[in-house]
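Swiss-Prot annotations:
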type	residues	note
MOD_RES	Thr2	phosphothreonine
TRANSMEM	29-46	transmembrane segment
TRANSMEM	118-133	transmembrane segment
TRANSMEM	142-156	transmembrane segment
SITE	Tyr161	site 'Tyrosine radical intermediate'
BINDING	Asp170, Glu189, His332, Glu333, Ala344	[CaMn4O5] cluster binding site
SITE	His190	site 'Stabilizes free radical intermediate'
TRANSMEM	197-218	transmembrane segment
BINDING	His198	chlorophyll a PD1 binding site
BINDING	His215, Ser264, Phe265	quinone binding site
TRANSMEM	274-288	transmembrane segment
Amino acid sequence: MTATLERRESASIWGRFCNWVTSTETRLYIGWFGVLMIPTLLTATSVFIIAFIAAPPVDIDGIREPVSGSLLYGNNIISGAIIPTSAAIGLHFYPIWEAASVDEWLYNGGPYELIVLHFLLGVACYMGREWELSYRLGMRPWIAVAYSAPVAAATAVFLIYPIGQGSFSDGMPLGISGTFNFMIVFQAEHNILMHPFHMLGVAGVFGGSLFSAMHGSLVTSSLIRETTENESANAGYKFGQEEETYNIVAAHGYFGRLIFQYASFNNSRSLHFFLAAWPVVGIWFTALGISTMAFNLNGFNFNQSVVDSQGRVINTWADIINRANPGMEVMHERNAHNFPPNLAAIEAPAVNG
């Protein structure tokens, strides 16, 4: 009898835990995805902060020339970064217990791999948690679908690209200047500026910013007046009120007269679908472009593609970019190789002496 009561009590505790995890009445929704999201994101954040402040230099190129990235080793907020895991480790799974000591783990850039893998798992669980909460509230799943765009972009630069290049040392450093360095090197090695998927991503990001600004300004400029002409239109509203505060017909009419009639939306759902879909699809394409360039399916190379009737080259902007790429590549890993492969492959001229 005693054993039966204890079993019921334990089942009751588990049931209460399940109800708490899946409850939509709590201040912050946990969810089953949150059970995994919380520890992984806390781990990634904690290790990032500690490593950004105090991590010793990392032998990123695997040639015994460590690169400093932390604040205590001479960097500031702009130049500081979590240095990627050493090329000597490659794509090997490198937890702390795989190293002979913590010093060796730090020297080989172990924190980068730890942060990146926990972060990617955490943001994927956050996306799942968005779907889970939407499902329990009876909502449609498009919030999680929209969030899949930045998740795909992060996965591309932190996981797919290193896999394609054969080493986590080619992943994006976790810092401001490290991000810019990654972008410059990516251009030098893959000519991303001439890749159509990157162009779609730029159109998505900048177009999304433009449309967001246009929509926000139209909404805040077309209030339904609840006051007299002698009072401010803002006086008729309370922050967070349930009643509609703007007139989409007025906004549609204004924008239609500003450009032309069919340039504006007269349906709120169509408008907001467009505002969500434009940047999301653009970022999806960018992530796909990074993932294909990871395996060296690079951007277009229109090298000296325009010539006159005499066969003389007429330079285009594509040629200017091609001229800049080797220079950027020379600056990258300057001690790992003397010249980029496309320069080193050229036969050296004979020197008479």
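Heads up, residue numbers simply count up from 1 along the chain you see.
Glycine is no exception: its Cβ is also placed from the backbone N, Cα and C atoms.
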Do you see any of the binding-site residues His198, His215, Phe265 whose C-alpha is within 10 Å of Asp170 ([CaMn4O5] cluster binding site), and which ones?
none
Quick one, of the binding-site residues His198, His215, which Cβ has the fewest other Cβ within 10 Å?
His215
About how far apart, in whole Å, are the alpha carbons (Cα) of Tyr161 (site 'Tyrosine radical intermediate') and Glu189 ([CaMn4O5] cluster binding site)?
12
With the cut-off set at 10 Å between Cβ atoms, which of these binding-site residues ends up with the most neighbours? Options: Asp170, Glu189.
Asp170
Candidates Glu189, His190, His198, His332 (recorded positions); nearest Cα to Ser264 (quinone binding site) turns out to be His198
Which residue, of the recorded positions Tyr161, Phe265, has its CB surrounded by the fewest other CB atoms within 10 A?
Phe265
Identify, in sequence order, the residues in the chain of His190 (site 'Stabilizes free radical intermediate') that are 6 or more apart from it along the sequence and have a CB within less than 8 Å of its CB; answer 'none' if there are none.
Met293, Asn296, Asn298, Gly299
How big is the gap, in Å, between the Cα of His215 (quinone binding site) and that of His332 ([CaMn4O5] cluster binding site), rounded to a whole number?
42
Other residues with Cβ within 8 Å of the Cβ centroid of His215, Ser264, Phe265 at the quinone site?
Met214, Leu218, Ile248, Ala251, His252, Phe255, Leu271, Phe274
